Amino acid sequence: MSQCEEETEVVSQELWFKQMMVSFRILYTIGHTLSLFTLVTALIILLGLRRLHCTRNYIHANLFVSFILRAVSVIAKDALLDRYWSREIMAEADLGELLSHRAAIGCRIAQVVMQYCILANHYWFFGEAIYLYTVLISSVLSHNKNYMVYIFLGWGTPVLFVVPWILAKLLKENKECWAVNENMNYWWIIRFPILFASLINLVIFMKILKVILSKLRANNQKSYPDYKLRLAKATLTLIPLFGIHEVFFMFATDEQTTGILRYIKVFCTLLLNSFQGFLVAVLYCYSNKEV
């Protein structure tokens with residue numbers, strides 16, 4: 001009787017876990033779909049109106065494209081997972097196709113594209129940070145020239161890390177959709193450049209915030225409440241631009257979090273990452289006074 005009760009408890013826990021994972025998937029699918037729609041529309045606006053053509057908006061447009069590709073790759077990866085690994089096995093031929101290398105290759109390609117787009121996201125954030133730092137504080141790069149530097153930074157840098165990760169997966173962990181990280185050392189090939197870019201963005205963000213703070217103090221000595229409101233607005237605008245939220249999860253790595261804490265981290269990460277494209281499109285296109 002005790003064995004039967006334990007089995008019932010295990011089944012109920014597995015059912016709860018499955019329902020939670022399905023809810024998470026619905027959440028990020030809605031987020032990526034909404035982001036995809038708003039980003040495509042914002043991209044058409046930025047590129048379609050000639051008066052909006054400038055280096056700053058070109059950088060925004062490339063950031064939009066990286067988000068669009070990321071959303072498409074996530075949706076495509078899930079569709080391929082459903083197609084090959086979520087159907088019932090009715091015959092021996094179905095099992096053979098399920099275990100075949102051909103079944104996994106499309107999903108692996110989508111996985112590679114997704115990892116590339118995630119890195120491109122962060123390095124276009126890095127480009128946004130460098131551009132804003134150049135305009136407000138320094139003149140390391142002329143913001144009217146050297147646009148190709150931003151192109152190489154945003155689209156070229158991810159290649160330097162994605163290619164070694166592909167080789168590591170191909171030679172050491174060539175299983176299913178490459179979604180499971182059995183050896184976390186290989187996952188650091190992708191994680192390290194993301195954390196590096198996020199930390200540099202955090203430093204730039206603090207310096208820019210200091211400049212904004214000093215300017216607002218100089219212009220609003222008699223209007224403190226309005227000054228706090230404008231500072232909060234500037235802060236909230238800069239955070240999604242630079243992807244600073246990644247730093248908050250830097251020390252809570254996948255291998256260190258367990259139980260409820262792990263589920264909370266996964267929920268927050270999926271929520272922010274899937275809706276981030278929508279937020280960026282609203283802030284840098286639909287709320288843009290020039291638009």
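Cβ atoms are placed via backbone N, Cα and C, with glycine included.
As given in TrEMBL:
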DOMAIN    24-288  domain 'G-protein coupled receptors family 2 profile 2'
TRANSMEM  26-47  transmembrane segment
TRANSMEM  59-76  transmembrane segment
TRANSMEM  123-141  transmembrane segment
TRANSMEM  148-168  transmembrane segment
TRANSMEM  188-209  transmembrane segment
TRANSMEM  230-251  transmembrane segment
TRANSMEM  263-286  transmembrane segment
Counting Cβ pairs closer than 8 Å, which of 26-47, 59-76, 148-168 has the most of them with the transmembrane segment (263-286)?
26-47
Under an 8 Å Cβ to Cβ limit, what residues of the same chain, 6 or more beyond the ends of the transmembrane segment (59-76), are close to it?
28-29, 32-33, 35-36, 39-40, 42-43, 46-47, 110-111, 113-114, 117-118, 120-121, 124-125, 127-128, 131, 150-151, 154-155, 274, 276-277, 280-281, 284-285
Averaged over the whole of the domain 'G-protein coupled receptors family 2 profile 2' (24-288), what is the pLDDT?
78
